[in-house]
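Copied over from TrEMBL, here are the features:
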- Cys153-Cys189: disulfide bond (DISULFID)
- Cys332-Cys369: disulfide bond (DISULFID)
- 219-359: domain 'Lysosome-associated membrane glycoprotein 2-like luminal' (DOMAIN)
- 378-409: domain 'Lysosome-associated membrane glycoprotein 2-like transmembrane' (DOMAIN)
- 1-28: signal peptide (SIGNAL)
- 376-399: transmembrane segment (TRANSMEM)
Amino acid sequence: MVCFRLSPVPGSGLVLLCLVLGAVSSYALELNLTDSEKALCLYAKWQMNFTIRYETTSKSYKTVTISNLGTPTYNGSICGDNQNGSRIAVQFGSGFSWIVNFTKSVSVYSIDSISFSYNTGDNTTFPDAKDKGILTVNESVAFKIPLNDIFRCNSLSTLVKNGVVQNYWDVHVQAFVQNGTVSTNEYLCEKDNTTTTVVPIVPTTVPSPTTTPSPKEKPDVGSYLVKNGSDTCLLATMGLQLNVTHDKVASVININPNVTGYSGSCHPQTALLRLNSSNIKYLDFVFAVKNENRFYLKEVNVSMYLANGSVFSFANNNLSYWDAPLGSSYMCNKEQTVSVSGEFQINTFDLRVQPFNVKDGKYSTAQECSLDDDTILIPIIVGAGLSGLIIVIVIAYLIGRRKSYAGYQTL
């Protein structure tokens with residue numbers, strides 16, 4: 001961990017910044033903000049990255065992920081008081097900035113709003129951007145936390161707006177710290193409440209719906225990738241069909257890759273691919289390393305709008321699909337089903353994924369699923385043929401003996 005103290009910000013006290021450096025797609029940032037009396041007034045520790053979709057001079061679209069924040073500054077961060085809000089302000093790169101504002105009432109404080117600004121005039125990050133300049137995305141959050149509680153959300157949280165995807169995880173924050181000491185009382189986000197206290201149970205049978213979904217044709221195959229800086233760290237190619245049962249109504253939804261956005265992050269032990277569209281808030285595929293030599297699909301999270309306007313959400317972090325050795329890819333051309341729950345399944349077509357150890361942006365040698373392995377059919381066919389031949393011979397022998405026996409009795 002590298003720690004250094006920044007110069008005082010007028011009206012806000014001193015900022016102590018700690019950066020935990022490592023081979024991850026984003027820095028772990030830890031901020032301790034003190035007031036004029038050197039008492040801790042704001043504490044925050046979190047990880048974040050950003051994926052931006054922009055138009056190029058050739059009228060096509062490109063996606064870039066900002067995960068390496070370099071050496072950020074914190075000018076404009078303030079403690080706040082009963083009259084004024086608190087703020088974390090981060091500046092990094094060439095014209096990038098991130099600001100979160102907090103407000104306070106009698107018994108709660110709120111994460112009021114988050115804004116992210118990026119500079120398409122940065123020719124290193126956006127070399128062929130059609131429009132050059134600083135663009136800002138503002139998100140109203142208004143998330144309330146009990147005063148003197150620390151907010152914790154280890155799960156991935158995402159904000160999507162105007163072609164910008166903001167990812168946050170491992171978040172620990174407390175604004176308006178009381179008596180200069182971070183609270184031991186944690187206020188958990190909804191995802192952490194679900195994943196830490198409820199073990200997902202996958203029913204063995206799907207509830208019988210009252211409405212039968214219309215048959216769907218095979219979905220189009222899309223290609224997705226995640227970058228860590230300029231290097232591709234995750235590859236995925238697949239056609240996806242979602243099967244949802246909600247309020248006893250079944251729906252079958254084909255994902256159209258032409259209108260689907262994608263983002264994600266790569267870490268030494270985990271990797272994330274996130275898909276989103278106009279009706280899918282997020283569809284997460286989380287991969288993990290096991291036994292230091294294999295990877296698999298460990299978790300799927302979904303939140304989407306159904307045809308009737310309702311929202312369907314579910315998370316299962318106890319899966320075991322798409323298992324393959326590290327350094328290889330996993331491939332299954334035939335239709336395969338990922339059973340996330342009794343109410344939600346994903347059918348995949350022409351699947352190929354590699355979430356770790358991608359070299360030169362290309363897939364490594366694939367391990368095929370058992371459904372694609374035609375070599376197993378050879379012994380089955382040979383065995384079936386021999387069994388049929390034996391049966392024919394036995395029947396012919398019995399018929400022959402019966403005729404001989406009948407002839408002997410006649411004599």
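Residue numbering: from 1, along the chain as shown.
Including glycine, each Cβ sits where the backbone N, Cα and C put it.
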Fill in the CA-CA distance, Cys369 (disulfide bond) to Cys189 (disulfide bond), as an integer in Å.
37
In whole Å, how far is Cys332 (disulfide bond) from Cys189 (disulfide bond) when you measure between their Cα atoms?
36
Tell me, how many other CB atoms lie within 10 A of the CB of Cys332 (disulfide bond), whichever protein chain they belong to?
23
Using DSSP, break the domain 'Lysosome-associated membrane glycoprotein 2-like luminal' (219-359) down into helix, strand and coil residues and give each count.
3 helix, 97 strand, 41 coil
Rounded inter-Cα distance in Å - Cys332 (disulfide bond), Cys153 (disulfide bond):
35
For Cys153, Cys189, listed as disulfide-bonded residues, tell me which one has the smallest number of other Cβ atoms within 10 Å.
Cys189
How many other Cβ atoms are found within 10 Å of the Cβ atom of Cys369 (disulfide bond), counting all protein chains shown?
19
